[in-house]
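As recorded in Swiss-Prot:
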DOMAIN    6-237  domain 'Radical SAM core'
BINDING   Cys20, Cys24, Cys27  [4Fe-4S] cluster binding site
Amino acid sequence: MGDRTITYSPAFTLVPTYECFNRCTYCNFRQDIGTRGWLTLKAAAKQLAELDPQRVREILILSGEVAPNSPQRSKWLERLYDLAALALDQGFLPHTNAGPLTRAEMTALKAVNVSMGLMLEQLTPKLLQGVHRHAPSKDPQLRLHQLEQAGELGIPFTTGLLLGIGEAPQDWAETLTAIAEGHRRWGHIQEVILQPHSPGQQQAERLPPFDLKQLPQVVQWARSLLPEDITIQIPANLVTEPEVFRACLEAGARDLGGIVPLDHVNPDYPHTDLAVLKEQLQAWGWELVPRLPVYPQFVDWLPPPLKEKVKEIPV
């Protein structure tokens, strides 16, 4: 029958800032610059103090982006670093996703993150005239370079595709192939997320939702195109049709990502209660088990202080 294990990361999200210089038309996360203050270390410490380290392992640091040429950029990076260091001090394992970074920025954050991430989304440049026409950092070549840079720096990395934002099915194969090629060079990709576009109340333009009935086929293609040691992840809160969810697992999806109190990217789609989700999977013959934000095969890649932190935390 084979391995019938599905993993997830018990997680909590810290948002340094919702302000972002990109204006992706489908975004339900960003706010205009100057409309909301940044998360202070004091406020973050209060949020972390309310968590149970026995139940939460990962602190996802998910941030809006400050423009590369902004005078606020260095302050922003310092805040990302300090929040990750704070999470480590409180007994959690940080994973940062904050948009494209320079080599120096990525190197700095490597010291305080057990893994990092950036969605490639889609490799086709045509989206730069569509949903990404006001989003400079969504240049696909810039994002592909980030994957390469993470590999060169030996950073365990998560990436993925955003489905249903104006691309064609052949674009999925091109994007998956590019991820596979980068992983064959560096071996650093932990998982690839297949995220269906799911409309929310805050986005600037109404896009139709991705047709979930296509998702099992995308999972199947991903499994055939990606190396076997890359895990395929689907967000359980966005795959709202049970039979589609089940078909995705049978097609090769093996991880549900971070299960958090609030999905800040898709705030209109709450996660199913964990006990209910476990029961549902069990009825289908699957066992849901927690994991850390760094996969076991990558622990030895980490700087010694981080490696020790990981060893202190039970799965």
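Backbone N, Cα and C atoms are what each Cβ position is placed from, and that goes for glycine too.
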Same-chain residues at least 6 apart in sequence whose Cβ lies under 8 Å from Cys20 ([4Fe-4S] cluster binding site): Cys27, Phe29, Arg30, Gln31, Ile33, Gly64, Glu65
Which of Cys24, Cys27, all binding-site residues, has a Cβ with the fewest other Cβ atoms inside 10 Å: Cys27
Confidence summary (mean pLDDT) of the domain 'Radical SAM core' (6-237): 97
Extra residues within 8 Å (Cβ to Cβ centroid of Cys20, Cys24, Cys27), [4Fe-4S] cluster: Asn22, Arg23, Tyr26, Phe29, Arg30, Gly64, Ala135
